[in-house]
Amino acid sequence: SSNTSGSSPLTFILTGIPGLLMSSSWMALPLCCLYLLMLLGNCTLLWTIKTDYSLHMPMYHLLSMLAVADLGLSLSTLPTMLAIFCFKSTSLRFEACIVQMYFIHSFSAIESGVLVAMAFDRFIAVCYPLHYASVLTNSLIKKVGAVIFTRGICVVLPVAVLIKRMPFCGYNVLSHSFCLHQDMLRLVCGDVSVNSLYGLIAVILTKGLDSLTILLSYTMIIRAIMSIVSQEARGKAFSTCISHLCAVLIFYIPLIGLSITHRFGRHLPPLTHTLLADAYLLVPPILNPLVYSWKTKQIRRRILILLCQRG
């Protein structure tokens, strides 16, 4: 329980996987392997793009931003996940919980924004290929990246400020191995209407608008592809979008599932909420480097060359 009724608790108690005993240390090994795979994949992607000047193009600059967002998202959850499953430490100070929540939601908003920019990149490449180099310049991509990161930082900041001022009382056990805004909000014993309203506005301004923009972009991309007469050219045009489509689905499917279960799935078992939250935060940073390394010929070739040189 928290310390004083109507005051902020000194600590929150984090939850591992429901039904799994904290003494089950066998979870620590696969978890560490997943984080190592995430670090290796995204760092290799960043290093490959940085060292190969032929990859210094708008598409790959955006891919670098996606890797940075994935790294930030994973590293935000790393301390508490490892503390729970490796060291059996489940308590987290209130201030640290707010900081973790802020970084998780900020990097999530940043990744969503990068996916929108990548959708615009694919839209120009497919619909206006002759104008690609003149429209998407490196300077424009840098400005877009600055806007995306600034939006992610600024939109989520009021969420952290508002919840820091809220009174907590009684039950202070969170449902996940990390701090999420929705999870912390249900422990507040005061009026949360302002927090809920702004949280909804923040989601609409980020993930809501982003998903609609991506959907609109692919509607126009599909129309442009279907207008191509040659079957071979049509398949080639669509293949340039597969990696990005995979990244969008990997990110948005767990996110939508988690949002729905938080608002309407309170009757579902706790394990469902836990698995969706873990998938939302762990799966995209692990799979995105694998998808882009596998589907992008230039990156795959460059990695193979580097491995051969190392060998």
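Cβ coordinates come from backbone N, Cα and C, glycine included.
Given the structure is predicted, the values throughout are model-derived calculations rather than measurements.
Pulled from TrEMBL, these are the features on record:
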DOMAIN    41-292  domain 'G-protein coupled receptors family 1 profile'
TRANSMEM  12-40  transmembrane segment
TRANSMEM  60-87  transmembrane segment
TRANSMEM  99-120  transmembrane segment
TRANSMEM  140-163  transmembrane segment
TRANSMEM  241-260  transmembrane segment
TRANSMEM  272-292  transmembrane segment
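Sequence-remote contacts of a segment are chain residues at least 6 beyond its ends whose Cβ falls under 8 Å from one of its Cβ atoms, and for the transmembrane segment (272-292) they are 15, 17-18, 34, 37-38, 41-42, 44-45, 63, 66-67, 70-71, 73-74, 76-77, 104, 111, 175-178, 180, 243, 246-247, 250-251, 254-255, 257-258, 261-262, 265, 299. Highest Cβ contact count with the transmembrane segment (60-87) among the listed stretches 99-120, 140-163, 241-260 falls to 99-120 (criterion: pairs under 8 Å).
Residues of the same chain lying 6 or more positions beyond the ends of the transmembrane segment (140-163) and with a Cβ under 8 Å from any Cβ of it are 58, 61-62, 65, 98-99, 101-102, 105-110, 113-114, 117, 181, 184-185, 188, 194-195, 198-199, 202, 205-206. Distant neighbours of the transmembrane segment (241-260): 66, 108, 111-112, 115, 118-119, 122, 126, 203, 207, 211, 214, 218, 221, 273, 276-277, 279-280, 283-284, 287-288, 291-292, 295-296; these residues of the same chain sit at least 6 beyond its ends, with a Cβ under 8 Å from one of its Cβ atoms. Confidence in the domain 'G-protein coupled receptors family 1 profile' (41-292), given as mean pLDDT, stands at 89.
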